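Notes follow the structure.
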């Protein structure tokens, strides 16, 4: 009888809890975006994911269309022209 209780205790301790409502988040754009049915207010849709949902990126994300690395140093001196 003690063996049965020990077996049940071990079985219940190793059981993975089921969390309802939590789903695996599908990432896109090199883990920069999240696939959603509709993007949040501060996100922009970009292309589509494998499950035909929009790939939502934060509005501040910059996307390189050419595929080359761009200079992303946006310091004040490089952003505005110098005044004489």
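Keep in mind that glycine also has a Cβ here, set from the backbone N, Cα and C atoms.
As recorded in Swiss-Prot:
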SIGNAL    1-21  signal peptide
DISULFID  28-55  disulfide bond
DISULFID  35-49  disulfide bond
DISULFID  39-56  disulfide bond
Whole-number Å value for how far residue 55 (disulfide bond) lies from residue 35 (disulfide bond) (Cα to Cα): 5
Under 8 Å by Cβ from residue 49 (disulfide bond), counting only residues of that chain that are 6 or more apart: 26, 28, 35, 55
Cβ-Cβ neighbours of residue 56 (disulfide bond) (radius 10 Å): 23
